[in-house]
Amino acid sequence: MKTLLLTLVVVTIVCLDLGYTMTCYNQQSSEAKTTTTCSGGVSSCYKKTWSDGRGTIIERGCGCPSVKKGIERICCRTDKCNN
């Protein structure tokens, strides 16, 4: 019985990949590339793009936020996928 419980715990840890943290780009527009380590179990990165009087604005970060009409949003689920 103990062996079965230990096996289940090991399988759970392997399947859940406990301790994994997502890394996303977080630079804005044309700034130099920077990254951030996401917290709180966040498992996606985003890139939002929109235009205003100054030109095209790009925002990057962790998560997958909702956006207003006229803002293009791309969400992805691998490290540094939001370039």
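Backbone N, Cα and C atoms are what each Cβ position is placed from, and that goes for glycine too.
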Tell me which of C62, C75 Swiss-Prot records as disulfide-bonded to C64. C75
Can you tell which of C15, C45 Swiss-Prot lists as bonded to C24 through a disulfide? C45
If you follow Swiss-Prot, the disulfide involving C62 connects it to which of the following: C38, C81? C38
Per Swiss-Prot, which of C15, C81 is disulfide-bonded to C76? C81
For C81 (disulfide bond), the spatially nearest of the disulfide-bonded residues C24, C38, C62, using Cα atoms, is C24
Closest of the disulfide-bonded residues to C76 (disulfide bond), Cα to Cα, picking from C24, C38, C45, C62, C64? C45
